[in-house]
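Novice: Below is one structure. I have some questions about it.
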Amino acid sequence: MAGTGLRFRQGAIFFSGAHAAAHPRTRTPHHHCSPQRTHDARGRCRLTAKSANGRPQISASFRDVAIDGAQSEDGAPEQGGSTVSITVVGASGDLAKKKIFPALFALYYEDCLPEHFTVFGYARSKMSDEELRNMISLTLTCRIDQRENCSDKMEQFLKRCFYQSGQYNSEEGFSELDRKLKEKETIVVEYTNLYEQIQNGYDCEAHANTYHQAGKVPNRLFYLSIPPNIFVDVVRSASRTASSQDGWTRFIVEKPFGRDSESSGELTRNLKKYLAEEQIFRIDHYLGKELVENLSVLRFSNLVFEPLWSRNYIRNVQLIFSEDFGTEGRGGYFDNYGIIRDIMQNHLLQILALFAMETPVSLDAEDIRNEKVSDHDQILIPTYNETESMEAINLNQVKVLRSMRQLRLEDVVVGQYKGHSKGGKTYPAYVDDPTVPSGSITPTFAAAALFIDNARWDGVPFLMKAGKALHTRRAEIRVQFRRVPGNLYGRRSRSVGGGGTTTVTELEKATNELVLRVQPDEAIYLKINSKVPGLGMRLDSSDLNLLYSERYPAEIPDAYERLLLDAIEGERRLFIRSDELDAAWAIFTPVLADLEANKVAPELYPYGSRGPVGAHYLAANHNVRWGDIS
């Protein structure tokens, strides 16, 4: 093959010499890749690995395994590297169809998946490979950049997708899946006369799924897109019969992770009967959102913010989540959990922990997660001889989640939306949902005041609120700074022209505010006070605004894309560790138990309103006004 001028790479054809000029191939860097990833001359994703002591290692590309006519001693092409098989358990469900498969295709489109990958769907439904492909093709889009050849890439991706039907608690079903996975992982391509085949129209790209070679290490990722009550059944069956014997096996687990401390702990103990902690990737897709990722960058890489990040300058922090629609057919699921478990205990609390944590030793996953939660008794100074950061860093103080007070009933307001008519349209109440039990008192809205009892945040209220069927859809973090001591302009008035007086009376209320809008229309803006042009001394509150759609026109990737890629690479920074989960439930379990034991009736609020009035009284009790109320 050396004499043909042809180089073969699995899944694609590259030409050398005179052929290269006739077949140019260019790629642009991927806008969604994390700072840990770089790109080579062809635009391929590369992960810059770090040793446990923080020193850089050689960066490696997922697509660096090439066959350039080199042969081993037995005359066969040289082989090496690894394969990755991604199995979506619960493949026929909405989450798989709407989020997981589209995210995998987006990663494939951007060349960020490993060269040798296969996607399997597993569910109880009877389905052929072709039926699975037809099902998921309905939700795949070319939304990334509308670049050329998207339909071709979609076809190539679908040819790598396969299906296995089976019961979730059936070792036989997962054993059959294992057989099919091995078949895809060990197929050897016949390379004889490949150049002649290409000249005769053989499409290597279209047959990319057949290029997995014997001798590669098989790695396997299972995404559990299923209800939590069958997590353990699937893990038991899959770990026993479908784990990789030579490579890694990982399981992504979707929330909810239990209903309280007891059920969460039981789930963790049962999973750990079959898996090690490092095999479990507890996913919270909010941690994969762009603005949440940018939170630590904003704080730790800008000198203007980090000195202000404490009780000395910050008056309160607000974490706000609202949806402008109700349960709409999901009431049966939602009624078993409620808004506190569904949103506050995971999404908002994880963001709070990232916001309030101390500066980590490094960007290593364990260093960041140690700052979010740890209660070890000693501290070891990390050295370049340490091999495991989790063993090297034993912290001597209680960290953010363990420093938070348990919530009490008086710290919480709950609500539930009621029917409402507006503009000739009638909106249903929560209890009008046919999947919701009659007379349900499950909250669809909650507001809470939390406190962190440590030196940095002592006395600063962290206010959360989350709700459904509100007036708008938003998720944002609002940081309200303290007032300027002895504010000169808060007392000043000045005569202008014919005796008119401009008095600055509202400035005392208009403190600086930093807002990170997570969704929609991602943005970061800082509210400052400035003088309105003119002869008088009139002041106004203005925004210093970074609007992502204007500054970064490339589309922001979905959170599932980032988290799936991190799981494949073994990057655990944005996944939840078991001790984080324990600490999070310890904060909310007592108040959840009180709400249910006392059968606290939620305050009703109209569909499409700003929520119950009680939320405003809660904020006022802490001398705070909600920042989203204009």
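Including glycine, each Cβ sits where the backbone N, Cα and C put it.
Look at TrEMBL and you will find 88-185, 212-294 tagged as domain 'Glucose-6-phosphate dehydrogenase NAD-binding'. Feature annotation from TrEMBL assigns domain 'Glucose-6-phosphate dehydrogenase C-terminal' to 297-374, 389-626.
Tell me about the setting of these features in this model.
Specialist: For the domain 'Glucose-6-phosphate dehydrogenase NAD-binding' (88-185), the number of residues in each DSSP class (helix H, G, I; strand E, B; coil) is 49 helix, 14 strand, 35 coil.
Note: the domain 'Glucose-6-phosphate dehydrogenase C-terminal' (297-374) comprises 38 helix, 9 strand, 31 coil (DSSP; helix = H, G, I, strand = E, B).
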Novice: Mind checking how the domain 'Glucose-6-phosphate dehydrogenase NAD-binding' (212-294) divides into helix, strand and coil residues in DSSP?
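Specialist: Secondary-structure composition of the domain 'Glucose-6-phosphate dehydrogenase NAD-binding' (212-294): 37 helix, 18 strand, 28 coil.
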Novice: Mean pLDDT over the domain 'Glucose-6-phosphate dehydrogenase C-terminal' (389-626): what is the value?
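Specialist: Here the predicted model's pLDDT, averaged over the domain 'Glucose-6-phosphate dehydrogenase C-terminal' (389-626), is 84.
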